[in-house]
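Student: What Swiss-Prot records for R210, K244, H335, R338, H361 is active site. Annotated active site, O-(3'-phospho-DNA)-tyrosine intermediate per Swiss-Prot: Y371, in sequence order. Here Swiss-Prot flags 64-148 as domain 'Core-binding (CB)', drawing on sequence analysis. Look at Swiss-Prot and you will find 175-384 tagged as domain 'Tyr recombinase', backed by sequence analysis.
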Amino acid sequence: MAKKTNYVKNGKEYYRVTVTIGRDENGKLIRKEFYGKTKKEAEAKKEEYLNGIRNGLNVDFQDVTLGDLMHTWLFEVVRMSRKPATFVKYEGHYRNYIKNSELYGMKISIIKSIQIQRYYNKLYQQGKSSKTIKALNNFLKTFFNYAVDEGYLAKNPCTGKKIVIPGTPEEKIETEIETFSDEEIKKIKEALKGHRLKALFLLAFGTGLRQGELLGLKWTDIDFEKKELRVQRMIKQVTIIDEKGNRKYKTIEQIPKTKNSIRTVPIPSSLIPMLKEHRNRQREEKLKAGSVYLNDVEKGYVFTTELGNTIDASNLLKTYKKILNRAGVPYRKFHAIRHTYATKLFERGVPLKTVSELLGHSNISITANIYTHVIPKQKTNAVETLNDLFI
């Protein structure tokens, strides 16, 4: 039974209510104290706490801060269970927007939607975009789901219609996707003549593969007879972050982004001879390098360094920029090649569903949201219409 006594703290008199909530691992009783200016106030705090326990909340839910729980979640749960890129993204949100914010030291049990909303409004007034705040909200929503599951919160303050992402409708409109014109593609082709990675860039234009998917492609994934390739892995440069925030970079092989990303993509027939020529070049590089060459030119990666190492994203980007500069074509992100592939298919009458499958999007609505002009046609024949770009 709870014990009630008058209590003096800092010269002021309070009512104190003590309740026993169980025993620790050593058998010692666990007690919790509640204070109020009146007995009724102290009792109300006790009942609020006990109701939380009855509803499945953790016994120490009132003592844990958002910052402490988020750090534990990030470094002991997310880092061990999610892809490295996801952890890096989440750690960035934590470091840039939570660690030094007013939310960090707040007891997680008292955080309400209005406090989150005020913080978002403040960020917007400081110049942060709606897109940035929306990404932060998605991050917090995921974290608070964990907090609910672990018994530190009864409900997620970021779900439902409680939170409004600040910003004008005009700001929320996506910017137009970047693509290359037919004339620019011709200039890039010209700049690629004699380049050892010519096949990589033209295959990107001809298949729409993501950068990591191109780098993860192996010779065993290519069927020269059927003129198609199989996407089933990707090479990615990831950031490894320890609990102190120290960073190092590593190139890894991993499975594609989603289930639909694992797919078969037809290769325009005009690119087949170029791929065979690239393979012969790779064989020559192996002979020249001798025992230090690391790749298997029959079963290994299609695109490597001259010594057979995997190509990391940063080095590929440098090469890409040099090629655009040599071609006299304004810089666009590497992903613009993928957008160009999709746009050219749409221009040639390929249906939305087919383009979505070729791109490996997780659902057709993603494709529809990115590309707006769509007309029907057939898959393999559709890709063959790209041949004129390479002749």
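Each residue, glycine too, has its Cβ placed from N, Cα and C.
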Student: For R210 (active site), find which of the active-site residues H335, R338, Y371 come within 10 Å, Cα to Cα.
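Tutor: Correct set: H335, R338.
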Student: Report, in whole Å, the straight Cα-to-Cα distance of H335 (active site) from K244 (active site).
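Tutor: Rounded to a whole number, the Cα-Cα distance is 33 Å.
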Student: Quick check on the domain 'Core-binding (CB)' (64-148): DSSP residue counts for helix, strand, coil, in that order please.
Tutor: 66 helix, 2 strand, 17 coil
Student: Give me the Cα-Cα distance between R338 (active site) and H361 (active site), rounded to a whole Å.
Tutor: 12
Student: According to DSSP, which kind of secondary structure is R210 (active site) found in, if we only use helix, strand and coil?
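Tutor: It is coil.
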Student: Cβ-Cβ under 8 Å from H335 (active site), same chain, 6 or more residues apart: which ones?
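Tutor: Within the chain, H335 (active site) has Cβ neighbours under 8 Å at E178, R210, Q211.
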Student: Let me know the DSSP-derived helix, strand or coil state of H361 (active site), please.
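Tutor: Note: H361 (active site) is coil by DSSP, not helix or strand.
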Student: Which one, from the active-site residues R210, K244, R338, H361, has the smallest tally of other C-beta atoms lying within 10 Å of its C-beta?
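Tutor: Among the active-site residues R210, K244, R338, H361, the sparsest Cβ neighbourhood within 10 Å belongs to K244.
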Student: Take the C-alpha atoms of Y371 (active site, O-(3'-phospho-DNA)-tyrosine intermediate) and H361 (active site) and report the distance between them in angstrom, rounded.
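Tutor: Distance between the two Cα atoms comes out at 12 Å.
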Student: Would you mind giving the whole-number mean pLDDT across the domain 'Tyr recombinase' (175-384)?
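Tutor: Value for the domain 'Tyr recombinase' (175-384), mean pLDDT as a whole number: 90.
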